[in-house]
Amino acid sequence: MKILVVNCGSSSLKYQLIDMTSEEALAKGLVERIGIEGSILTQKVNGEKYIIEEPMKDHKKAIELVLKALVDKEHGVISDMSEIAAVGHRVVHGGEKYASSVLINDEVMKALEDCVKLAPLHNPPNIIGINACRELMPKTPMVAVFDTAFHQTLPDYAYMYPLPYELYEQNGIRKYGFHGTSHRYVSSVASEMMGKDLKDLKVITCHLGNGASLCAVKEGKSVETSMGFTPLAGLAMGTRCGDIDPAILLFMERELKMSPDEVDTVINKKSGVLGISGVSSDFRDIEGAAEEGNKRAKLALDVYHYTVRQTIGAYTAVLNGVDAIVFTAGLGENSAASREEILNGLEYLGIKIDAEKNKQRGKQIEISTEDSKVKVFVIPTDEELMIARDTKEITVK
């Protein structure tokens, strides 16, 4: 059984074709600059690149080219589109309606449209991608897998904001959380590595990329997470501010005479480690600048590490203890220095790190010592595989 996994952004599209017998990706691809001059599709099969450069005015044209690349006689991996048993779509926001993945039909599409107001940047391209696939592959079942779904198990006192209750009732203003598919995947892998049932464990998962969030997992369920109503909340990130005093936004509008759009740009695109360092949103650049003595770069890293450490401490309290901490995503998987700095100061939990093991980059590995009271893992995330597994489970019933 082969499943196509699609992740549509506003001007890009990532995809994988996964053979579910072996759970191996037969092909991985990226389409860039959709609707912009210089559109390009890059597909990788066994390390070999296949590139298509031609105008792609919309996502439908992009998906046409994806299917063309997959069945290409020389560079493709299937002989016919009928070999694709189902398509799994990453959808950022499922609102309160969806606590798990769902088979897509017209009713689901209407619900996704209703969620656009909750994710105006992310859900529209997700919807466009689904519509394009449904048009091009009308007989192939489609499944929506939501970033928010895993966090629908948050207790009401964790997701409710201390605002007038009618804002929640009438407008859906509450904590939703994101990166759910990643948190779900790495917590389950951690339990496998420990040889224990996830339902018997207390796990804190740290998805640390340009966007970053933490999740507290108890009895296999998300009980707390750092992102909120939007992916802006929580930790300091690459370009996002994370948690700040909300009155700062009023100050920016009233005193600095900034428009709502200008404030939005500042807090989403000009803040985080980029804003503090003035160097970059890429942690490799910031680490390099800090090593060369750039004080603002060092401060940016210190602030970032502090917010992660602070949140791990809070989630240990939420869980009443912790059995395992997992690092994943770009920074979590590849920066030994960041992992070390984040864990520095958590010795009271009984965490002991093996310095040699911690030097590993991008590998699935336990980096804690044998006598560490808390197990610490680096687990490369695989959201595409999780989407494919959900798609198989729903379509094979």
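For all residues, glycine too, the Cβ spot is worked out from N, Cα and C.
Worth saying up front: this structure is predicted, and the values here are computed from it rather than measured.
Listed features, source Swiss-Prot:
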| type | residues | note |
| --- | --- | --- |
| BINDING | Asn7, Glu383 | Mg(2+) binding site |
| BINDING | Lys14, His207, Leu208, Gly209, Asn210, Gly211, Asp282, Phe283, Arg284, Gly330, Leu331, Gly332, Glu333, Asn334 | ATP binding site |
| BINDING | Arg90 | substrate binding site |
| ACT_SITE | Asp147 | active site, proton donor/acceptor |
| SITE | His179 | site 'Transition state stabilizer' |
| SITE | Arg240 | site 'Transition state stabilizer' |
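Taking only the Cα positions, the spacing between Arg284 (ATP binding site) and Arg240 (site 'Transition state stabilizer') is 17 angstrom.
Neighbours of Lys14 (ATP binding site) among the recorded positions Asn7, Asp147, His179, Arg240, Glu383, defined as a Cα within 10 Å of its Cα, are Asn7. For His179 (site 'Transition state stabilizer'), the same-chain residues 6+ apart in sequence whose C-beta sits under 8 angstroms from its C-beta are Asp147, His207, Gly211, Ser213, Cys215, Thr225, Met227. As a whole number, the greatest separation of Cα atoms within the ATP-binding residue list Lys14, His207, Leu208, Gly209, Asn210, Gly211, Asp282, Phe283, Arg284, Gly330, Leu331, Gly332, Glu333, Asn334 is 24 Å. Taking CA atoms as the reference points, Asn210 (ATP binding site) and Arg240 (site 'Transition state stabilizer') are 9 Å apart.
Asn7 (Mg(2+) binding site) falls within a strand segment according to DSSP.
Within 10 Å of its Cβ, the residue among the recorded positions Asp147, Asp282, Glu333, Glu383 with the fewest other Cβ atoms is Asp282.
Rounded to a whole value, the Cα-Cα separation of Asp282 (ATP binding site) and Glu383 (Mg(2+) binding site) is 22 Å.
The binding-site residues shown are Asn7, Leu331, Glu333, Glu383; of these, the one with its CA atom nearest the CA of Arg240 (site 'Transition state stabilizer') is Leu331. Considering only the binding-site residues Arg90, Leu208, Glu333, Asn7 (Mg(2+) binding site) has Arg90 as its nearest partner by CA-CA distance. Counting only the Cα atoms, the space from Glu333 (ATP binding site) to the residue listed as 'substrate binding site' is about 22 angstrom. When each of the recorded positions Lys14, Arg90, Arg240, Arg284 is scored by how many other Cβ atoms sit within 10 Å of its Cβ, Arg284 comes out lowest. A distance of 9 Å separates the Cα atom of Glu383 (Mg(2+) binding site) from that of the residue listed as 'substrate binding site'. Cα of Leu331 (ATP binding site) to Cα of Arg90 (substrate binding site): a distance of 22 Å.
Just so you know, of the binding-site residues Asn7, Asn210, the Cβ with the fewest other Cβ atoms around it within 10 Å is the one at Asn210.
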